[in-house]
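Taken from TrEMBL, the feature region 'Disordered' covers 1-37. Residues annotated as domain 'Catalase core' in TrEMBL: 34-422. Feature annotation from TrEMBL assigns heme binding site to ARG78, ARG118, PHE167, ARG364, TYR368, ARG375. Sequence annotations record features per position, and here TrEMBL assigns active site to HIS81, ASN154.
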Amino acid sequence: MDDTAKFDTIAGQGGETHQHVRHSGPHTPEGHLTTNQGIRVSDNQNSLKSGVRGPTLLEDFVLREKIFHFDHERIPERIVHARGSAAHGYFELTRSLSDITTADLFQRVGERVPVFVRFSTVAGGAGSVDTPRDVRGFAVKFYTQEGNWDLVGNNIPVFFIQDAIKFPDLVHAVKMEADRGYPQAASAHDTFWDFVSLMPESTHMLMWAMSDRTLPRAFRTMEGFGIHTFRFVNAEGKSTFVKFHWKPKLGLQSLVWDESLKIQAADNDFHRRDVFEAIDRGAFPEWELGVQLFDQALADSLPYDVLDATKIIPEEVVPVTIVGRMVLDRNPDNFFAEVEQVAYCPANIIPGIDFSNDPLLQGRLFSYLDTQLKRLGSTNFHQLPINAPKCPFQNFQRDGQMQMQVPRGRANYEPNSLGAHGEDGGPRECPVTGFTTVSARDGADEQGGKLRVRPEMFADHYSQARLFWKSQTDSERAHIASAFVFELSKVTLQGVAPRMVANLRNVDDELATRVADGLGIDLPAASQVAREPIDLAPSDALSIQKNLKPTLQGRKIGILICKDSDATVFSQLKADITAAGATPFVVGGQIHGIPLSDGSLADADAQLLGAPSQLFDAVFVLLSEAGTGRHLKEAASIEWVMNAFGHLKAIGHMPEAQPLLDKAGVVRDAGVVGVDGFIAAAAQRFFDREPSLRTLA
Ligand code: HDD
């Protein structure tokens with residue numbers, strides 16, 4: 001048979017004509033399509049039938065194997081953080097910590113360690129949208145020379161609960177409700193608010209969750225946090241407490257709420273696409289790694305417990321020292337093999353780093369290993385390429401499903417004396433360089449006994465929620481209050497919203513009043529507190545708007561063109577945007593061959609209906625006079641401009657496009673500019689514009 005023929009028409013029985021469909025393939029031996037047993041497949045289009053019209057034969061091992069494998073393609077999705085995207089890269093040390101930790105990756109400045117980083121939403125399923133209001137996972141696997149270290153963090157530095165025993169309750173409450181199976185990827189529903197309003201310890205995290213931190217513009221523009229207090233251990237065995245921070249090179253950027261909703265309609269894969277495309281075009285996402293280092297004496301002096309994952313230590317109290325940078329420079333080759341199968345585990349730790357007694361962390365140390373067995377189906381999941389250490393690993397663990405290694409010899413136990421008999425006795429313990437646990441007792445746990453209790457200071461649930469509120473700009477406070485109103489407005493269970501507002505009164509009376517007014521309920525009395533909140537000094541590091549970088553780096557700028565658009569401005573704009581490190585994205589009524597003012601033909605990157613302005617950081621309306629006239633009758637164009645304005649973005653425009661801006665209700669302000677000044681304006685959002693556009697709580 002001719003391997004290159006695409007279609008053979010063969011005369012079948014009964015005089016019918018049948019298409020025998022085959023695809024050509026490369027001619028190299030490696031290119032041959034085979035079964036999983038290596039048998040070359042001659043026909044991948046037609047099953048084996050008894051006669052031309054069937055039935056299909058059970059004998060068809062090619063068909064059976066293919067469908068058998070397909071039937072089992074899905075593995076259980078992660079119970080939380082099911083939707084995620086990941087990339088390869090490296091961590092590079094910029095400041096040695098050799099006096100503080102023996103961890104290999106923190107010794108020699110300039111040395112690089114490979115990493116694999118997965119970002120995720122928490123509540124939604126694997127196929128849910130990228131931009132709900134949700135916490136984002138930020139999980140980093142460092143493949144160090146001394147084994148894998150997983151820093152499994154979030155983009156928020158605190159958590160909803162203090163003790164891992166509450167995690168199943170929290171997750172049940174936030175995920176879709178048990179009887180009805182909705183809502184998907186949303187916390188705005190009865191069971192979530194019922195639970196958290198009964199859990200005052202969640203209040204601090206709720207403040208973060210209702211802020212724009214849960215609406216990141218991109219994975220590349222969010223911070224990451226290890227959350228728990230960990231320990232560094234040096235060569236003398238001295239331990240130092242450490243908290244880990246990832247700081248994005250592009251600065252913090254978030255979406256506004258209405259924009260994130262509209263993005264859900266326009267592009268479910270907004271964040272996934274952003275990070276993949278950025279790496280593809282060489283704009284590698286980058287973060288600095290910072291550490292907060294402190295000792296037991298400092299921990300003891302704080303009015304909160306460093307083992308409590310609902311508390312931060314403000315950067316103003318313990319500064320963040322930058323020690324390295326992380327660059328993501330390679331997309332995965334295969335989503336399933338790498339992103340789906342990667343198994344993070346906070347218990348994956350290396351010599352020189354150790355856990356603290358944080359009860360949330362302690363519970364996590366069990367949960368992640370356990371869940372991988374469910375997800376990946378075998379205790380040998382560590383042998384998958386994405387999970388395997390890049391340094392040698394060997395021990396006497398044996399067998400199990402899907403064993404990929406072929407250990408040699410008789411030594412599958414130790415101690416053994418096989419070495420003395422000329423055989424390979426296998427690996428041995430490393431008392432000096434091996435992992436040892438710090439024997440420190442984290443200060444307060446000398447009280448002894450086996451107790452189901454929490455340390456007394458854990459009972460202060462409001463001081464840091466208040467600190468967060470006080471540290472925000474007016475615009476950010478309005479967003480937080482409005483988010484509480486929106487979420488609680490979706491709650492139908494009697495008593496839940498007042499109970500939540502009663503908790504908020506302990507944070508700040510003004511916040512509670514704004515939320516109560518927004519809901520139209522009476523202001524309830526403050527709920528009882530287990531420990532009186534205290535006033536802590538505000539921290540600018542907690543605000544997004546105080547930490548925005550006015551840069552165009554990494555941004556995407558939409559340019560709306562039409563027939564006769566000014567060719568000179570068009571090419572100048574594209575050049576300026578590119579030079580500033582952003583990506584110009586051309587939107588047109590058609591995609592191909594749009595004639596510009598000088599007769600040249602331009603191609604658009606997308607058609608108007610497929611590229612609404614919520615997908616861009618700023619827009620330029622490059623319409624000719626006649627084009628403006630046509631666009632005045634086009635709802636998508638009016639919305640394009642109106643939404644850009646409503647989402648507080650810079651709008652650049654030709655004078656000829658003014659009628660479209662007028663029709664879209666655009667009022668001139670510092671963000672509405674001509675060609676001059678557009679590049680400077682496009683690097684910002686215009687939060688001052690907001691109060692005139694929408695009612696915020
Ligand atoms: Fe968790 C996944 C982060 C508390 C149990 N968690 C998971 C992922 C991230 C976090 C980023 C996704 C990892 C990936 O991309 O594969 N989790 C956190 C943070 C927490 C936290 C920052 C608090 C500080 N988690 C937490 C607790 C428990 C779990 C208290 C259980 C007692 N988490 C899990 C899990 C998951 C998980 C069920 C689901 C999939 C997986 O582990 O691999 O075991």
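Even glycines carry a Cβ here, placed using N, Cα and C.
TrEMBL annotations: computationally assigned, not manually curated.
All features noted in TrEMBL, drawn onto the structure.
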residue : record            : Cβ contacts under 8 Å, 6 or more apart
ARG78   : heme binding site : GLY84, SER120, ALA126, THR371, ARG375
HIS81   : active site       : SER120, THR121, VAL122, GLY137, ALA139
ARG118  : heme binding site : GLY84, SER85, ALA86, GLY137, ALA139, VAL339, VAL342, TYR344
ASN154  : active site       : VAL135, ARG136, GLY137, PHE138, GLY224, PHE225, ILE227
PHE167  : heme binding site : ILE161, GLY363, SER367
ARG364  : heme binding site : VAL152, ALA164, PRO346, ALA347
TYR368  : heme binding site : VAL152, ALA343, TYR344, CYS345, PRO346, ALA347
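In the three-state DSSP classification, ARG375 (heme binding site) falls within a helix. Ligand 1 lies under 6 Å from the Cβ of the following recorded positions, listed in sequence order from HIS81, ARG118, ARG364, ARG375: HIS81, ARG118, ARG364. The secondary structure of HIS81 (active site), as reduced to three states from DSSP, is coil rather than helix or strand. Counted within 10 Å of its Cβ, the other Cβ atoms near ARG375 (heme binding site) come to 16, all protein chains included. Residues ARG78, ARG118, PHE167, ARG364, TYR368, ARG375, recorded as binding heme, reach a greatest CA to CA spacing of 21 Å. For the domain 'Catalase core' (34-422), the model's average pLDDT works out to 97.
In the three-state DSSP reading, ASN154 (active site) counts as strand.
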